[in-house]
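Colleague: Heads up, here are the entries from TrEMBL:
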type: REGION; residues: 1-27; note: region 'Disordered'
type: COMPBIAS; residues: 1-12; note: compositional bias 'Basic and acidic residues'
type: DOMAIN; residues: 42-435; note: domain 'Amino acid transporter transmembrane'
type: TRANSMEM; residues: 45-67; note: transmembrane segment
type: TRANSMEM; residues: 73-95; note: transmembrane segment
type: TRANSMEM; residues: 164-181; note: transmembrane segment
type: TRANSMEM; residues: 187-206; note: transmembrane segment
type: TRANSMEM; residues: 275-296; note: transmembrane segment
type: TRANSMEM; residues: 316-338; note: transmembrane segment
type: TRANSMEM; residues: 359-379; note: transmembrane segment
type: TRANSMEM; residues: 385-406; note: transmembrane segment
type: TRANSMEM; residues: 418-442; note: transmembrane segment
Amino acid sequence: MGARTESHEEQKNSFSPVEVQKEASGNDKSVDDWLPISAERNAKWWYAAFHNVTAMVGAGVLSLPYAMSELGWGPGVVILILSWMITFFTLWQMVEMHEMVPGKRFDRYHELGQYAFGEKLGLWIVVPQQLICEVGVDIVYMVTGGTSLQKFYSTVTNGKSFKLTYFIMIFASCHFVLSFLPNFNSISVISLAAAVMSLSYSTIAWTASLAKGVQQDVQYGYIATTTPGTVFNFLSALGNVAFAYAGHNVVLEIQATIPSTPDNPSKKPMWRGVVFAYIIVAICYFPVAFIGYWMFGNAVQSDILISLSKPTWLIAVANMFVVIHVIGSYQIYAMPVFDMMESTLVKKLHFKPTFRLRFITRTSYVALTMFIAMTFPFFGALLGFFGGFAFAPTTYYLPCIMWLAIYKPKIFSLSWTINWICIILGILLTILAPIGGLRQIIVQASTYTFYS
């Protein structure tokens, strides 16, 4: 009787494998509901549109006329338009692959990589590159935000200024607050404002250039006077162009916020948003690049707003628009990093999903990117280096490799051929572009004083 009672108690207090599985599944769901990427799935197609504009149109658009001066008219026009077409194609691939498996969504870039290359190999291929991209962008945007604040202050105070370090700290201060917004949907207003600002300052840049007219004695030859200098500048400009098309690193995470059903999969509203976003990208990039270079030639500055010193009030407004835009862009690129950190800490290291954990991880991340930006504030060189080294793989050819690995199109078919062309061009960009950017970093570092 005692044995029977004990056995009954054991059965009462134990769980069947099915019950354990249900409990584990419930815990995973509660964690997913807490994580930034998978917390809410009620976004509309226009959310995808302005999130993608904010992610894509960075302050790097203002450096495109300078990139044109290093590339030259013919190569510059071809490279800019070809990059737009290739990245539009690879972005379509990402949107399609998000729900290629019925009933499953690849909410994160590395999840798609794991499906394409295997559980472990996919992580090692995707995660390092994605982290370099997203952290790299946030470092560059720390520099960009600080530099634009400094230019704004200098413009409105007739030349007075402080160390760039202080302005980077001021820019970072808002992110110590904004970083506690829990997920993509919670930063929608910030992202919308950033998208509007990007279109605004791009329009100011090319219309003010057009109003200024073609400068006297304008020249369109290469800036460098030596062949090695010309080659290195050309390579660095390739990186600047690659940096301009960086939205692929967050596109799956953006699509994850859109609801999906068998009758209305998320790729439909997502693709509508992407098409709208890429039209805005073209409206921002091409007029700024081509008109800016046409008006100033090889005398154009690395930031077109510097060449446009007047009207003073308009340049001040444009710089403040840049600040607002990169505030939103920083948050867009930081959110997947927050998701990676919090997911690892909760799911792998078994920390409790609490506000304290979120406070420590996100504050530490903002502080780290601020510190690196204050230490190495080489804006143009960072664009070239990160553009080639980090963005070319995840933007130009990694989606193509995954497409070939998953769908296995027939050899020499149209799909197979287009993908391999993108892969070859992307690999060349990855190899060549960082060389120019790294050289510029070395040259600038030789005369740089830390925290000046």
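Note: Cβ is positioned from N, Cα and C throughout, glycine not excepted.
Can you tell me where each of these features sits in this structure?
Modeller: Using a Cβ-Cβ cut-off under 8 Å and counting only residues 6 or more beyond its ends in the same chain, the transmembrane segment (45-67) has close neighbours at 76, 80, 137, 140-141, 144, 148, 184-185, 188, 191-192, 194-195, 198-199, 201-202, 205, 209, 237, 240-241, 243-247, 249-251, 254-255, 257-258, 269-270, 272-274, 276-278, 280-281, 284-285, 288-289, 292-293, 296, 300-305, 307, 322, 325-326, 328-329, 332-333, 380, 383, 387.
Tertiary proximity for the transmembrane segment (73-95) is limited to same-chain residues at least six positions away from its ends with a CB under 8 Å from its CB atoms, namely 64, 67, 112, 220, 234, 237-238, 241-242, 244-245, 247-248, 251-252, 255, 267, 270-271, 274, 278, 281-282, 285-286, 289-290, 293, 395-397, 399-400, 402-403, 418, 422, 425-426.
With a cut-off of 8 Å between Cβ atoms, the residues of this chain six or more beyond the transmembrane segment (164-181) that come close are 142-143, 145-147, 149-150, 153, 187, 190, 323, 326-327, 330-331, 334, 338, 358-359, 362-363, 365-367, 369-370, 373-374, 377, 451-452.
Outside the transmembrane segment (359-379) by six or more residues, the chain places 135, 138-140, 142-144, 146-147, 164-165, 168-169, 172, 175-176, 179-180, 302-303, 334, 337-338, 341-342, 345, 440-441, 444-445, 448, 450-451 with a CB less than 8 A from a CB of the stretch.
Beyond the ends of the transmembrane segment (385-406), by six or more residues, the same chain brings 60, 86-87, 90-91, 93-94, 97, 100, 109, 112-113, 115-117, 125-126, 129-130, 132-133, 136-137, 140, 235, 238-249, 415-416, 419-420, 422-423, 425-427, 429-438, 440-441 to within a C-beta distance below 8 angstroms of the stretch.
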